């Protein structure tokens, strides 16, 4: 028996699954959209008990991408961590931890730091 290759659903496909599930479609109907068997859809929907998970959002306390870009620009121009923190209105320890956890003064990149922050925020 030939196995189908494992499929990894994109965020858009998962949204479509949840939309169809909320409209009342059964697992077989949803699976037909993706040319898969219903257990592959069931696995995704039942991970959260059949209830759509809330969309991810940042805490108001977390650094934003704009703040991370400001940190990156400040480091590139040779500003101290304290002066960058003062410019952002953040604690110097916040900026220091951000830089240390994302490559240090020489290798800090705002886009990579932001992406890593989203990944680290996931819960097991």
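Placement of Cβ uses the backbone N, Cα and C atoms for every residue, glycine included.
What you see is a predicted model, and the numbers here were worked out from it, not measured in a lab.
Feature annotation from TrEMBL assigns domain 'Transposase IS30-like HTH' to 62-102. Across the domain 'Transposase IS30-like HTH' (62-102), the model assigns an average pLDDT of 96.
Outside the region 'Disordered' (91-124) by six or more residues, the chain places 56, 62-63, 65, 68-69, 71-72, 75, 81-82, 84-85 with a CB less than 8 A from a CB of the stretch. Feature annotation from TrEMBL assigns region 'Disordered' to 91-124.
If you look up TrEMBL, you'll see 97-109 marked as compositional bias 'Basic and acidic residues'.
When DSSP labels each residue, the region 'Disordered' (91-124) comes out as 25 helix, 0 strand, 9 coil, counted as helix, strand and coil in that order.
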